[in-house]
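S.K.: Structure in C-alpha coordinates, see below.
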(Lines of atoms letter the chains of each structure in order from A and count residues from 1; the text may use other names and numbers.)
(Lines give C-alpha, C1' and ligand atoms only; values in the text may rest on other atoms or scores of the structure.)
Protein backbone atom coordinates (compact mmCIF):
# COMPACT_ATOMS: atom_id res chain seq x y z
CA UNK A 1 0.00 0.00 0.00
CA UNK A 2 1.45 3.39 -1.04
CA UNK A 3 2.05 5.91 1.72
CA UNK A 4 0.18 9.24 1.67
CA UNK A 5 2.00 12.30 0.31
CA UNK A 6 4.10 14.07 2.93
CA UNK A 7 2.89 17.34 4.39
CA UNK A 8 5.54 19.14 2.31
CA UNK A 9 3.58 18.20 -0.82
CA UNK A 10 0.49 19.92 0.56
CA UNK A 11 2.19 22.88 2.26
CA UNK A 12 2.38 25.06 -0.89
CA UNK A 13 -1.38 24.69 -1.27
CA UNK A 14 -2.17 25.74 2.32
CA UNK A 15 -1.14 29.38 2.16
CA UNK A 16 -3.15 32.58 2.63
CA UNK A 17 -2.79 33.42 -1.07
CA UNK A 18 -4.29 30.03 -2.02
CA UNK A 19 -7.02 30.11 0.61
CA UNK A 20 -8.56 33.52 1.41
CA UNK A 21 -9.75 34.31 -2.11
CA UNK A 22 -11.72 31.14 -2.79
CA UNK A 23 -15.44 31.39 -3.51
CA UNK A 24 -17.42 29.28 -1.07
CA UNK A 25 -20.54 29.69 -3.21
CA UNK A 26 -18.98 27.39 -5.80
CA UNK A 27 -20.47 24.33 -4.10
CA UNK A 28 -24.05 23.37 -3.32
CA UNK A 29 -24.14 20.47 -0.85
CA UNK A 30 -27.93 20.20 -1.08
CA UNK A 31 -27.69 19.54 -4.81
CA UNK A 32 -24.98 16.91 -4.34
CA UNK A 33 -27.20 15.06 -1.85
CA UNK A 34 -30.24 15.25 -4.09
CA UNK A 35 -28.32 13.77 -7.02
CA UNK A 36 -27.28 10.64 -5.10
CA UNK A 37 -29.05 7.33 -5.36
CA UNK A 38 -30.40 6.10 -2.00
CA UNK A 39 -27.95 3.20 -1.66
CA UNK A 40 -24.90 5.33 -2.40
CA UNK A 41 -26.14 8.05 -0.07
CA UNK A 42 -26.71 5.59 2.78
CA UNK A 43 -23.22 4.15 2.34
CA UNK A 44 -21.74 7.63 2.77
CA UNK A 45 -23.88 8.22 5.85
CA UNK A 46 -22.68 4.94 7.31
CA UNK A 47 -19.07 5.88 6.56
CA UNK A 48 -19.59 9.18 8.35
CA UNK A 49 -21.13 7.46 11.38
CA UNK A 50 -18.11 5.15 11.62
CA UNK A 51 -15.74 8.09 11.39
CA UNK A 52 -15.24 10.95 13.85
CA UNK A 53 -17.50 11.18 16.88
CA UNK A 54 -19.79 14.14 17.51
CA UNK A 55 -17.43 15.36 20.23
CA UNK A 56 -14.45 15.19 17.89
CA UNK A 57 -16.34 17.12 15.22
CA UNK A 58 -17.26 19.77 17.78
CA UNK A 59 -13.60 20.14 18.71
CA UNK A 60 -12.64 20.45 15.04
CA UNK A 61 -15.26 23.16 14.56
CA UNK A 62 -14.04 25.17 17.55
CA UNK A 63 -10.46 24.86 16.34
CA UNK A 64 -11.42 25.89 12.81
CA UNK A 65 -13.27 29.00 13.99
CA UNK A 66 -10.49 30.12 16.32
CA UNK A 67 -7.31 29.18 14.46
CA UNK A 68 -8.63 29.93 10.96
CA UNK A 69 -8.73 27.88 7.78
CA UNK A 70 -5.01 28.03 6.96
CA UNK A 71 -3.77 27.09 10.43
CA UNK A 72 -6.50 24.48 10.87
CA UNK A 73 -5.64 22.64 7.67
CA UNK A 74 -1.93 22.79 8.38
CA UNK A 75 -2.47 21.33 11.83
CA UNK A 76 -5.00 18.72 10.68
CA UNK A 77 -2.80 17.40 7.91
CA UNK A 78 0.41 17.54 9.93
CA UNK A 79 -0.91 15.11 12.52
CA UNK A 80 -1.50 11.41 11.86
CA UNK A 81 -4.26 9.02 12.83
CA UNK A 82 -3.95 5.99 15.12
CA UNK A 83 -2.52 3.91 12.26
CA UNK A 84 0.27 6.41 11.58
CA UNK A 85 -1.35 7.67 8.38
CA UNK A 86 -2.00 11.29 7.48
CA UNK A 87 -5.48 12.25 8.62
CA UNK A 88 -8.10 12.01 5.89
CA UNK A 89 -9.86 15.07 4.47
CA UNK A 90 -12.62 12.78 3.21
CA UNK A 91 -13.27 11.59 6.75
CA UNK A 92 -13.43 15.18 7.98
CA UNK A 93 -15.79 16.31 5.24
CA UNK A 94 -18.15 13.38 5.75
CA UNK A 95 -18.10 14.13 9.46
CA UNK A 96 -19.61 17.49 8.58
CA UNK A 97 -22.16 15.87 6.30
CA UNK A 98 -20.37 17.35 3.29
CA UNK A 99 -20.52 15.15 0.20
CA UNK A 100 -17.71 15.70 -2.32
CA UNK A 101 -18.63 16.19 -5.97
CA UNK A 102 -18.67 13.05 -8.07
CA UNK A 103 -15.20 13.63 -9.49
CA UNK A 104 -13.76 13.48 -5.95
CA UNK A 105 -16.08 10.89 -4.43
CA UNK A 106 -13.91 7.81 -4.85
CA UNK A 107 -12.70 6.67 -1.39
CA UNK A 108 -9.15 6.46 -2.76
CA UNK A 109 -9.06 10.15 -3.70
CA UNK A 110 -5.88 11.55 -2.06
CA UNK A 111 -5.84 14.57 0.22
CA UNK A 112 -3.97 16.64 -2.33
CA UNK A 113 -6.83 16.34 -4.81
CA UNK A 114 -9.44 16.98 -2.13
CA UNK A 115 -7.71 20.04 -0.69
CA UNK A 116 -9.18 22.73 -2.96
CA UNK A 117 -12.68 21.40 -2.44
CA UNK A 118 -12.10 21.10 1.32
CA UNK A 119 -11.19 24.81 1.47
CA UNK A 120 -14.46 25.73 -0.22
CA UNK A 121 -16.53 23.45 2.00
CA UNK A 122 -14.84 24.45 5.27
CA UNK A 123 -15.09 28.14 4.46
CA UNK A 124 -18.86 27.67 4.47
CA UNK A 125 -18.56 26.32 8.00
CA UNK A 126 -16.61 29.44 8.92
CA UNK A 127 -19.44 31.64 7.68
CA UNK A 128 -21.63 30.39 10.50
CA UNK A 129 -20.31 32.58 13.26
CA UNK A 130 -22.51 32.81 16.34
CA UNK A 131 -22.98 36.05 18.24
CA UNK A 132 -21.15 36.59 21.51
CA UNK A 133 -24.21 36.80 23.73
CA UNK A 134 -22.39 38.61 26.55
CA UNK A 135 -22.18 41.69 24.30
CA UNK A 136 -25.24 43.63 23.22
CA UNK A 137 -25.57 47.10 24.77
CA UNK A 138 -24.27 50.54 23.83
CA UNK A 139 -22.21 50.51 27.00
CA UNK A 140 -20.66 47.25 25.83
CA UNK A 141 -19.67 48.95 22.59
CA UNK A 142 -18.14 51.91 24.43
CA UNK A 143 -16.22 49.58 26.76
CA UNK A 144 -14.86 47.62 23.78
CA UNK A 145 -13.42 50.80 22.30
CA UNK A 146 -11.93 51.78 25.64
CA UNK A 147 -10.07 48.52 26.21
CA UNK A 148 -9.21 47.35 22.67
CA UNK A 149 -5.63 47.84 21.50
CA UNK A 150 -5.62 46.18 18.07
CA UNK A 151 -8.69 47.24 16.11
CA UNK A 152 -9.36 46.21 12.52
CA UNK A 153 -11.73 48.53 10.66
CA UNK A 154 -13.41 47.08 7.57
CA UNK A 155 -14.90 50.00 5.63
CA UNK A 156 -17.07 50.33 2.55
CA UNK A 157 -18.71 52.90 0.29
CA UNK A 158 -21.06 54.07 3.05
CA UNK A 159 -18.31 56.14 4.67
CA UNK A 160 -17.78 58.18 1.49
CA UNK A 161 -21.34 58.96 0.40
CA UNK A 162 -21.45 62.10 2.54
CA UNK A 163 -18.41 63.32 0.58
CA UNK A 164 -20.44 63.26 -2.62
CA UNK A 165 -19.14 59.92 -3.92
CA UNK A 166 -21.99 57.57 -4.86
CA UNK A 167 -22.19 54.13 -3.35
CA UNK A 168 -22.86 51.12 -5.55
CA UNK A 169 -25.81 49.10 -4.28
CA UNK A 170 -28.35 51.44 -2.69
CA UNK A 171 -31.50 52.54 -4.52
CA UNK A 172 -29.73 55.80 -5.44
CA UNK A 173 -26.30 54.25 -5.98
CA UNK A 174 -24.21 53.85 -9.10
CA UNK A 175 -25.67 50.53 -10.22
CA UNK A 176 -29.27 51.75 -9.88
CA UNK A 177 -28.47 54.93 -11.82
CA UNK A 178 -26.83 52.97 -14.62
CA UNK A 179 -29.83 50.66 -14.76
CA UNK A 180 -32.29 53.56 -14.82
CA UNK A 181 -30.39 55.48 -17.48
CA UNK A 182 -30.51 52.49 -19.81
CA UNK A 183 -27.66 53.85 -21.94
CA UNK A 184 -25.81 50.58 -22.15
CA UNK A 185 -26.76 47.09 -23.22
CA UNK A 186 -25.96 45.43 -19.90
CA UNK A 187 -27.29 42.19 -18.49
CA UNK A 188 -26.28 43.50 -15.06
CA UNK A 189 -24.93 46.95 -14.06
CA UNK A 190 -22.01 45.18 -12.38
CA UNK A 191 -20.73 44.39 -15.88
CA UNK A 192 -19.27 47.90 -15.77
CA UNK A 193 -16.64 46.46 -13.45
CA UNK A 194 -16.19 43.11 -15.18
CA UNK A 195 -12.67 42.72 -16.57
CA UNK A 196 -13.84 40.74 -19.61
CA UNK A 197 -16.41 43.39 -20.50
CA UNK A 198 -13.80 46.10 -19.97
CA UNK A 199 -11.39 44.45 -22.41
CA UNK A 200 -14.13 44.34 -25.04
CA UNK A 201 -15.68 47.77 -24.43
CA UNK A 202 -13.41 50.03 -22.35
CA UNK A 203 -15.27 53.08 -23.58
CA UNK A 204 -18.26 52.11 -21.46
CA UNK A 205 -16.27 52.26 -18.20
CA UNK A 206 -14.65 55.55 -19.16
CA UNK A 207 -18.02 57.07 -20.00
CA UNK A 208 -18.91 57.17 -16.29
CA UNK A 209 -15.53 56.85 -14.50
CA UNK A 210 -15.42 60.55 -13.67
CA UNK A 211 -18.40 60.04 -11.34
CA UNK A 212 -16.21 57.98 -8.99
CA UNK A 213 -12.84 59.57 -9.65
CA UNK A 214 -11.48 61.10 -6.39
CA UNK A 215 -10.60 64.55 -7.71
CA UNK A 216 -12.19 67.06 -5.34
CA UNK A 217 -13.41 65.45 -2.14
CA UNK A 218 -12.86 66.10 1.56
CA UNK A 219 -12.66 63.09 3.93
CA UNK A 220 -15.82 62.46 5.94
CA UNK A 221 -16.10 62.25 9.74
CA UNK A 222 -15.81 58.45 9.33
CA UNK A 223 -12.45 58.78 7.61
CA UNK A 224 -11.25 61.17 10.30
CA UNK A 225 -12.54 58.85 13.01
CA UNK A 226 -10.44 56.02 11.59
CA UNK A 227 -7.50 58.43 11.65
CA UNK A 228 -8.24 59.15 15.32
CA UNK A 229 -7.97 55.43 16.09
CA UNK A 230 -4.56 55.39 14.43
CA UNK A 231 -3.49 58.53 16.31
CA UNK A 232 -4.37 56.81 19.58
CA UNK A 233 -2.25 53.80 18.59
CA UNK A 234 -5.15 51.31 18.56
CA UNK A 235 -5.69 50.83 14.82
CA UNK A 236 -4.22 47.53 13.66
CA UNK A 237 -5.26 48.12 10.05
CA UNK A 238 -8.03 49.64 7.96
CA UNK A 239 -9.19 47.23 5.26
CA UNK A 240 -11.11 49.43 2.84
CA UNK A 241 -13.18 48.30 -0.10
CA UNK A 242 -13.20 51.87 -1.42
CA UNK A 243 -11.16 53.04 -4.39
CA UNK A 244 -11.37 56.77 -3.60
CA UNK A 245 -8.15 56.97 -1.47
CA UNK A 246 -9.91 59.24 1.04
CA UNK A 247 -8.49 57.22 3.94
CA UNK A 248 -5.00 58.21 2.79
CA UNK A 249 -6.14 61.78 2.22
CA UNK A 250 -7.31 61.82 5.85
CA UNK A 251 -3.80 60.79 6.87
CA UNK A 252 -4.44 57.11 7.66
CA UNK A 253 -1.21 55.19 7.07
CA UNK A 254 -2.24 51.69 8.18
CA UNK A 255 -4.69 51.27 5.33
CA UNK A 256 -5.01 48.44 2.84
CA UNK A 257 -7.00 49.29 -0.29
CA UNK A 258 -8.37 45.83 -0.93
CA UNK A 259 -9.90 46.70 -4.29
CA UNK A 260 -7.07 48.92 -5.45
CA UNK A 261 -7.46 52.60 -6.30
CA UNK A 262 -7.03 55.31 -8.91
CA UNK A 263 -3.61 56.09 -7.45
CA UNK A 264 -1.92 54.14 -10.25
CA UNK A 265 -2.93 52.78 -13.66
CA UNK A 266 -1.50 49.99 -15.81
CA UNK A 267 -1.46 48.89 -19.42
CA UNK A 268 -3.35 45.63 -19.86
CA UNK A 269 -0.85 44.47 -22.51
CA UNK A 270 2.65 45.39 -21.34
CA UNK A 271 1.75 45.91 -17.65
CA UNK A 272 3.60 49.25 -17.51
CA UNK A 273 2.41 51.14 -14.44
CA UNK A 274 2.09 54.92 -14.27
CA UNK A 275 0.67 57.47 -11.81
CA UNK A 276 -3.11 57.62 -11.88
CA UNK A 277 -3.01 61.37 -12.49
CA UNK A 278 -1.60 60.65 -15.95
CA UNK A 279 -5.01 59.41 -17.14
CA UNK A 280 -7.08 62.01 -15.28
CA UNK A 281 -7.60 64.13 -18.45
CA UNK A 282 -8.93 61.04 -20.23
CA UNK A 283 -11.28 60.22 -17.33
CA UNK A 284 -12.63 63.75 -17.18
CA UNK A 285 -13.10 63.95 -20.95
CA UNK A 286 -14.56 60.41 -21.05
CA UNK A 287 -11.88 59.13 -23.42
CA UNK A 288 -10.12 55.75 -23.35
CA UNK A 289 -6.39 56.12 -22.58
CA UNK A 290 -3.96 53.95 -24.52
CA UNK A 291 -0.39 52.99 -23.78
CA UNK A 292 2.21 55.08 -25.61
CA UNK A 293 4.80 52.33 -25.31
CA UNK A 294 2.55 49.74 -26.95
CA UNK A 295 1.42 52.18 -29.63
CA UNK A 296 5.04 52.94 -30.56
CA UNK A 297 5.89 49.23 -30.65
CA UNK A 298 2.90 48.52 -32.84
CA UNK A 299 3.67 51.33 -35.29
CA UNK A 300 7.32 50.27 -35.54
CA UNK A 301 6.44 46.62 -36.05
CA UNK A 302 3.83 47.35 -38.72
CA UNK A 303 6.23 49.71 -40.48
CA UNK A 304 8.95 47.07 -40.43
CA UNK A 305 6.63 44.39 -41.82
CA UNK A 306 5.41 46.75 -44.53
CA UNK A 307 8.97 47.49 -45.57
CA UNK A 308 9.76 43.79 -45.79
CA UNK A 309 6.69 43.11 -47.89
CA UNK A 310 7.36 46.06 -50.19
CA UNK A 311 10.82 44.67 -50.79
CA UNK A 312 9.42 41.21 -51.50
CA UNK A 313 6.95 42.61 -54.06
CA UNK A 314 9.68 43.77 -56.40
CA UNK A 315 9.80 41.55 -59.46
CA UNK A 316 6.35 40.07 -58.79
CA UNK A 317 3.36 40.41 -61.02
CA UNK A 318 0.57 42.87 -60.46
CA UNK A 319 -1.96 40.23 -59.45
CA UNK A 320 0.44 38.80 -56.90
CA UNK A 321 1.11 42.27 -55.53
CA UNK A 322 -2.61 42.83 -55.02
CA UNK A 323 -2.82 39.55 -53.10
CA UNK A 324 0.07 40.70 -50.88
CA UNK A 325 -1.78 43.97 -50.19
CA UNK A 326 -4.57 41.97 -48.62
CA UNK A 327 -2.00 40.23 -46.44
CA UNK A 328 -0.72 43.62 -45.31
CA UNK A 329 -4.13 44.50 -43.94
CA UNK A 330 -4.30 41.26 -41.95
CA UNK A 331 -0.85 41.98 -40.52
CA UNK A 332 -2.04 45.38 -39.29
CA UNK A 333 -4.92 43.66 -37.55
CA UNK A 334 -2.51 41.43 -35.67
CA UNK A 335 -2.57 43.85 -32.71
CA UNK A 336 -6.30 43.44 -32.30
CA UNK A 337 -7.49 45.93 -34.89
CA UNK A 338 -7.71 49.37 -33.24
CA UNK A 339 -5.57 50.97 -30.58
CA UNK A 340 -3.21 48.71 -28.62
CA UNK A 341 -2.52 48.69 -24.90
CA UNK A 342 -5.66 49.84 -23.08
CA UNK A 343 -4.77 51.53 -19.77
CA UNK A 344 -6.92 50.61 -16.78
CA UNK A 345 -6.88 52.20 -13.31
CA UNK A 346 -5.43 49.75 -10.81
CA UNK A 347 -8.79 49.03 -9.25
CA UNK A 348 -9.87 45.41 -8.91
CA UNK A 349 -12.60 44.41 -11.32
CA UNK A 350 -14.86 41.37 -11.06
CA UNK A 351 -12.86 38.50 -12.47
CA UNK A 352 -9.57 39.75 -11.06
CA UNK A 353 -7.86 38.46 -7.94
CA UNK A 354 -7.01 40.77 -5.08
CA UNK A 355 -3.39 41.68 -4.52
CA UNK A 356 -1.50 39.13 -2.40
CA UNK A 357 -0.98 41.84 0.21
CA UNK A 358 -4.60 41.28 1.27
CA UNK A 359 -4.02 37.60 2.03
CA UNK A 360 -0.71 38.06 3.80
CA UNK A 361 -1.94 41.00 5.91
CA UNK A 362 -5.11 39.19 6.97
CA UNK A 363 -3.16 36.08 7.92
CA UNK A 364 -0.87 38.19 10.12
CA UNK A 365 -3.53 40.50 11.56
CA UNK A 366 -5.90 37.71 12.61
CA UNK A 367 -3.36 36.69 15.24
CA UNK A 368 -3.37 40.16 16.85
CA UNK A 369 -6.83 41.67 16.40
CA UNK A 370 -8.98 42.17 19.51
CA UNK A 371 -11.91 44.07 17.95
CA UNK A 372 -13.41 44.13 14.45
CA UNK A 373 -15.42 47.19 13.39
CA UNK A 374 -17.38 46.94 10.13
CA UNK A 375 -18.61 50.29 8.85
CA UNK A 376 -20.44 51.46 5.75
CA UNK A 377 -20.67 48.16 3.87
CA UNK A 378 -23.38 45.61 3.09
CA UNK A 379 -20.75 42.83 3.00
CA UNK A 380 -21.87 41.48 -0.36
CA UNK A 381 -18.57 41.36 -2.24
CA UNK A 382 -16.19 38.50 -1.58
CA UNK A 383 -13.44 37.94 -0.64
CA UNK A 384 -13.34 41.13 1.48
CA UNK A 385 -16.73 40.30 2.99
CA UNK A 386 -15.18 37.06 4.24
CA UNK A 387 -12.84 38.94 6.61
CA UNK A 388 -15.46 38.41 9.32
CA UNK A 389 -15.16 34.65 9.00
CA UNK A 390 -11.38 34.43 8.84
CA UNK A 391 -10.57 36.21 12.09
CA UNK A 392 -11.12 34.28 15.35
CA UNK A 393 -14.83 34.00 16.07
CA UNK A 394 -14.21 34.94 19.71
CA UNK A 395 -13.08 38.44 18.64
CA UNK A 396 -15.95 40.92 19.20
CA UNK A 397 -17.58 42.50 16.13
CA UNK A 398 -19.36 45.87 15.94
CA UNK A 399 -21.37 46.69 12.82
CA UNK A 400 -22.08 50.34 11.91
CA UNK A 401 -24.25 50.98 8.86
CA UNK A 402 -27.39 52.71 7.64
CA UNK A 403 -29.24 49.42 7.25
CA UNK A 404 -28.78 45.95 8.79
CA UNK A 405 -27.29 42.83 7.26
CA UNK A 406 -28.98 39.46 7.46
CA UNK A 407 -26.33 36.94 6.47
CA UNK A 408 -23.77 37.59 9.23
CA UNK A 409 -24.01 37.78 13.01
CA UNK A 410 -22.15 40.81 14.43
CA UNK A 411 -22.30 41.15 18.20
CA UNK A 412 -23.51 44.76 18.31
CA UNK A 413 -25.31 46.59 15.48
CA UNK A 414 -25.36 50.40 15.42
CA UNK A 415 -27.74 51.48 12.67
CA UNK A 416 -28.10 54.95 11.23
CA UNK A 417 -25.96 57.64 9.65
CA UNK A 418 -22.38 56.42 10.08
CA UNK A 419 -20.86 59.91 10.37
CA UNK A 420 -23.30 60.75 13.17
CA UNK A 421 -22.68 57.46 14.97
CA UNK A 422 -18.87 57.76 15.05
CA UNK A 423 -19.23 61.37 16.19
CA UNK A 424 -21.45 60.17 19.03
CA UNK A 425 -18.97 57.45 19.96
CA UNK A 426 -16.12 59.95 20.01
CA UNK A 427 -18.08 62.28 22.28
CA UNK A 428 -18.86 59.46 24.73
CA UNK A 429 -15.24 58.33 24.73
CA UNK A 430 -13.87 61.84 25.08
CA UNK A 431 -11.91 61.51 21.86
CA UNK A 432 -11.23 64.41 19.52
CA UNK A 433 -11.36 63.73 15.81
CA UNK A 434 -8.80 65.40 13.55
CA UNK A 435 -10.27 68.46 11.77
CA UNK A 436 -11.09 68.17 8.08
CA UNK A 437 -8.18 69.14 5.87
CA UNK A 438 -8.06 71.32 2.80
CA UNK A 439 -8.31 69.49 -0.49
CA UNK A 440 -4.86 68.07 -1.14
CA UNK A 441 -5.66 65.46 -3.74
CA UNK A 442 -3.04 65.90 -6.50
CA UNK A 443 -4.20 66.03 -10.08
CA UNK A 444 -2.74 66.13 -13.54
CA UNK A 445 -3.58 69.84 -13.73
CA UNK A 446 -1.50 70.54 -10.65
CA UNK A 447 2.07 71.59 -11.24
CA UNK A 448 4.90 69.92 -9.33
CA UNK A 449 2.48 67.82 -7.28
CA UNK A 450 1.22 70.75 -5.19
CA UNK A 451 -2.35 70.77 -3.98
CA UNK A 452 -5.09 72.55 -5.82
CA UNK A 453 -5.70 76.14 -4.74
CA UNK A 454 -7.70 76.59 -1.59
CA UNK A 455 -10.88 78.31 -2.84
CA UNK A 456 -14.48 78.95 -1.94
CA UNK A 457 -15.56 75.55 -3.26
CA UNK A 458 -13.07 73.71 -1.07
CA UNK A 459 -14.08 75.90 1.89
CA UNK A 460 -17.68 74.83 1.34
CA UNK A 461 -16.73 71.17 1.22
CA UNK A 462 -14.65 71.48 4.37
CA UNK A 463 -17.52 73.22 6.13
CA UNK A 464 -19.88 70.44 5.08
CA UNK A 465 -17.39 67.83 6.32
CA UNK A 466 -17.43 69.34 9.82
CA UNK A 467 -21.16 68.79 10.19
CA UNK A 468 -23.12 65.60 10.72
CA UNK A 469 -26.79 64.91 10.25
CA UNK A 470 -27.38 64.16 13.92
CA UNK A 471 -25.04 65.85 16.42
CA UNK A 472 -24.68 64.01 19.76
CA UNK A 473 -26.89 66.48 21.61
CA UNK A 474 -29.72 66.00 19.08
CA UNK A 475 -29.69 62.21 18.82
CA UNK A 476 -31.36 59.34 20.61
CA UNK A 477 -30.98 55.58 20.52
CA UNK A 478 -33.74 53.04 20.01
CA UNK A 479 -32.85 49.56 21.24
CA UNK A 480 -34.32 46.25 20.18
CA UNK A 481 -35.93 43.75 22.48
CA UNK A 482 -35.30 40.10 23.21
CA UNK A 483 -33.34 38.51 20.35
CA UNK A 484 -32.81 41.97 18.82
CA UNK A 485 -31.41 43.56 21.97
CA UNK A 486 -28.02 43.94 20.27
CA UNK A 487 -29.52 46.20 17.57
CA UNK A 488 -29.49 49.95 18.26
CA UNK A 489 -30.80 52.66 15.95
CA UNK A 490 -29.57 56.25 16.12
CA UNK A 491 -32.33 58.73 15.32
CA UNK A 492 -32.95 62.43 15.74
CA UNK A 493 -34.93 63.40 18.82
CA UNK A 494 -38.51 64.39 18.25
CA UNK A 495 -39.00 62.59 14.97
CA UNK A 496 -42.61 61.54 14.28
CA UNK A 497 -43.48 58.11 15.59
CA UNK A 498 -43.83 56.74 12.07
CA UNK A 499 -40.16 57.48 11.50
CA UNK A 500 -39.07 55.89 14.76
CA UNK A 501 -39.83 52.23 14.19
CA UNK A 502 -39.81 49.75 17.03
CA UNK A 503 -37.00 47.22 16.91
CA UNK A 504 -39.01 44.32 18.23
CA UNK A 505 -38.34 40.74 17.36
CA UNK A 506 -39.55 37.36 18.46
CA UNK A 507 -37.04 35.05 20.12
CA UNK A 508 -35.88 32.64 17.44
CA UNK A 509 -32.46 31.14 16.81
CA UNK A 510 -32.68 31.62 13.05
CA UNK A 511 -34.72 34.84 12.86
CA UNK A 512 -33.13 37.69 10.99
CA UNK A 513 -34.47 41.20 11.34
CA UNK A 514 -37.85 42.54 12.31
CA UNK A 515 -40.41 43.86 9.82
CA UNK A 516 -39.97 47.26 11.46
CA UNK A 517 -36.37 47.39 10.33
CA UNK A 518 -37.42 46.18 6.91
CA UNK A 519 -39.70 49.20 6.70
CA UNK A 520 -36.86 51.43 7.85
CA UNK A 521 -34.69 50.15 5.02
CA UNK A 522 -37.36 51.14 2.51
CA UNK A 523 -37.67 54.63 4.03
CA UNK A 524 -33.92 55.20 4.03
CA UNK A 525 -33.62 54.00 0.42
CA UNK A 526 -36.21 56.50 -0.71
CA UNK A 527 -39.10 54.12 -1.27
CA UNK A 528 -42.65 55.08 -0.45
CA UNK A 529 -43.30 55.42 3.26
CA UNK A 530 -45.47 52.81 4.87
CA UNK A 531 -46.98 52.57 8.29
CA UNK A 532 -44.77 50.77 10.77
CA UNK A 533 -46.67 47.91 12.39
CA UNK A 534 -46.78 47.94 16.17
CA UNK A 535 -47.59 44.26 16.47
CA UNK A 536 -45.07 41.57 15.69
CA UNK A 537 -45.34 39.20 12.79
CA UNK A 538 -43.41 36.07 11.97
CA UNK A 539 -39.79 37.06 11.28
CA UNK A 540 -38.05 36.15 8.06
CA UNK A 541 -35.70 33.22 7.92
CA UNK A 542 -32.09 34.04 7.17
CA UNK A 543 -32.21 32.18 3.88
CA UNK A 544 -35.20 34.28 2.81
CA UNK A 545 -33.85 37.62 3.93
CA UNK A 546 -30.75 37.92 1.79
CA UNK A 547 -29.84 36.71 -1.66
CA UNK A 548 -26.48 35.16 -2.41
CA UNK A 549 -26.54 32.48 0.28
CA UNK A 550 -28.21 29.17 -0.39
CA UNK A 551 -30.39 27.13 1.92
CA UNK A 552 -27.75 25.21 3.83
CA UNK A 553 -26.35 28.47 5.24
CA UNK A 554 -29.27 28.90 7.64
CA UNK A 555 -28.36 26.15 10.08
CA UNK A 556 -26.02 27.28 12.84
CA UNK A 557 -25.29 23.82 14.23
CA UNK A 558 -23.67 21.18 12.07
CA UNK A 559 -25.68 17.98 11.86
CA UNK A 560 -24.79 14.74 10.13
CA UNK A 561 -27.35 13.57 7.59
CA UNK A 562 -29.33 10.48 8.44
CA UNK A 563 -30.11 7.55 6.19
CA UNK A 564 -33.06 7.92 3.87
CA UNK A 565 -36.17 5.96 4.67
CA UNK A 566 -37.09 3.60 1.86
CA UNK A 567 -40.66 3.18 0.78
CA UNK A 568 -42.28 -0.16 0.17
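Backbone N, Cα and C define each Cβ position, glycine as well.
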S.K.: Suppose you had to name the range TrEMBL annotates as region 'Disordered'; which of 1-40, 41-80 would you pick?
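M.R.: Residues 1-40 are the ones TrEMBL records as region 'Disordered'.
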S.K.: TrEMBL tags one of 388-434, 435-481 as region 'Disordered' - which one?
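M.R.: Of 388-434, 435-481, TrEMBL gives region 'Disordered' for 435-481.
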S.K.: When TrEMBL marks a stretch as region 'Disordered', which of 271-305, 306-340 is it?
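M.R.: From TrEMBL, the annotated region 'Disordered' range turns out to be 306-340.
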S.K.: What is the pLDDT of the domain 'Deacetylase sirtuin-type' (131-432) when averaged and given as a whole number?
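M.R.: Mean model confidence (pLDDT) across the domain 'Deacetylase sirtuin-type' (131-432) is 84.
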